Amino acid sequence: MAKEAYKRDKPHVNIGTIGHVDHGKTTLTAAITSVLAKAGNAEMREFGDIDKAPEERERGITISTAHVEYQTEKRHYAHIDCPGHADYIKNMITGAAQMDGAILVVAGTDGPMPQTREHILLARQVNVPALVVFLNKVDIADPELLELVELELRELLTEYDFPGDDIPIIKGSALKALEGDAEAEKAIMELMDAVDDYIPEPVRDVDKPFLMPVEDVFSISGRGTVGTGRIERGVVKINEEVELVGIKPTKKTVVTGIEMFQKILDQGQAGDNAGLLFRGVGKDEIERGMVVAKPGTITPHTKFKAEVYILKKEEGGRHTPFFNNYRPQFYFRTTDVTGAVTLPEGVEMVMPGDNLSIEVELIVPIAMDENLRFAIREGGRTVGAGTVTQIIE
């Protein structure tokens with residue numbers, strides 16, 4: 001059978017299900033595919049099929065994630081569901097599956113539980129733009145309890161800086177919908193309408209300001225210095241002014257040539273592997289680990305706060321805890337930089353398998369903005385992963 005061409009007639013959005021263990025995330029994922037399949041907008045995926053999620057490696061960390069796709073009348077969705085709690089934490093912190101929004105699943109029978117809180121906090125820390133809530137198992141919950149659960153949820157969302165009063169909360173039963181109950185199926189359609197309307201359409205990488213991490217540098221005699229790398233976002237054109245940022249002093253220059261696969265282009269865009277030729281840049285002024293960016297859009301920093309996950313021994317991480325002033329390498333985009341870790345007040349040590357907020361001071365500045373992902377390494381071996389949550393200086 002020939003592969004169907006990917007139609008780009010609808011906006012594409014990445015979402016995922018989050019929430020406490022056994023509250024019905026995977027059942028809901030299966031129910032969405034089953035209800036949308038009836039409308040001809042998805043392929044039905046069985047619960048067991050989603051639950052046996054394949055393992056993937058992202059920044060040296062193994063994560064189990066199930067990928068499902070479906071569409072509504074308005075959009076095309078890629079949906080991720082993780083079987084285990086640790087997989088969620090790793091997924092959100094490494095950005096393995098960058099989410100444009102998430103469906104928070106809460107069982108009406110239990111209300112918010114510890115992992116509910118933890119997932120909301122993580123969603124805030126790693127900047128998931130919007131959440132929609134599915135209050136599940138309402139068929140077996142006490143109606144008076146449901147009202148309390150909804151109030152409690154709105155307070156919890158507000159506590160973590162989400163607009164708790166405005167977030168849509170849809171009540172339903174994922175299991176009943178999966179069994180084909182008409183009322184329950186209606187709630188799933190209502191949920192998808194809320195996701196369509198409430199989760200904002202993401203800005204495409206190509207529409208963001210230009211940025212390319214430098215992977216390699218070489219000189220072409222008589223022509224100048226070339227930096228190569230994969231363009232992360234935006235578009236660059238010949239004769240445009242750019243800045244070289246990070247590690248060394250920031251330098252303005254002009255792109256005098258763009259090459260891709262030995263072809264000369266007049267522009268490069270997000271996703272392209274390109275070589276950029278710079279005017280008046282010496283080979284000693286640019287190196288791997290710097291970025292080329294639209295002037296004024298990114299700045300170099302050494303001190304930041306981050307949310308990190310530290311690998312367990314079984315995951316190939318450290319075998320022992322680390323303490324304040326731990327000095328590993330932080331791998332940003334294309335290079336390792338040594339940094340010192342400051343643990344939060346009252347935390348004496350960090351055990352393999354922990355996730356927490358830390359403060360880091362790097363020995364050289366790196367071009368960064370909030371939300372930048374990194375790996376934590378010791379001698380080239382990954383021992384953790386993180387996301388920049390706040391820049392200090």
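Start at 1 and count along the chain as shown; that gives each residue its number.
Quick reminder: no glycine exception, Cβ is built from N, Cα and C everywhere.
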Where Swiss-Prot places region 'G4' among the ranges 108-111, 136-139, 324-327, 344-347
136-139
Measure from the CA atom of T26 (Mg(2+) binding site) to the CA atom of G19 (GTP binding site) and give the result in Å, rounded to a whole number.
10
Give the three-state DSSP assignment (helix, strand or coil) for K25 (GTP binding site).
helix
C82 (GTP binding site) and T26 (Mg(2+) binding site), compared by Cα position, are separated in whole Å by 8
For the region 'G4' (136-139), the mean pLDDT of the predicted model:
97
Give the sequence-ordered list of residues that share a chain with H85 (GTP binding site), lie 6 or more positions from it, and have CB atoms under 8 Å from its CB.
V21, Q115
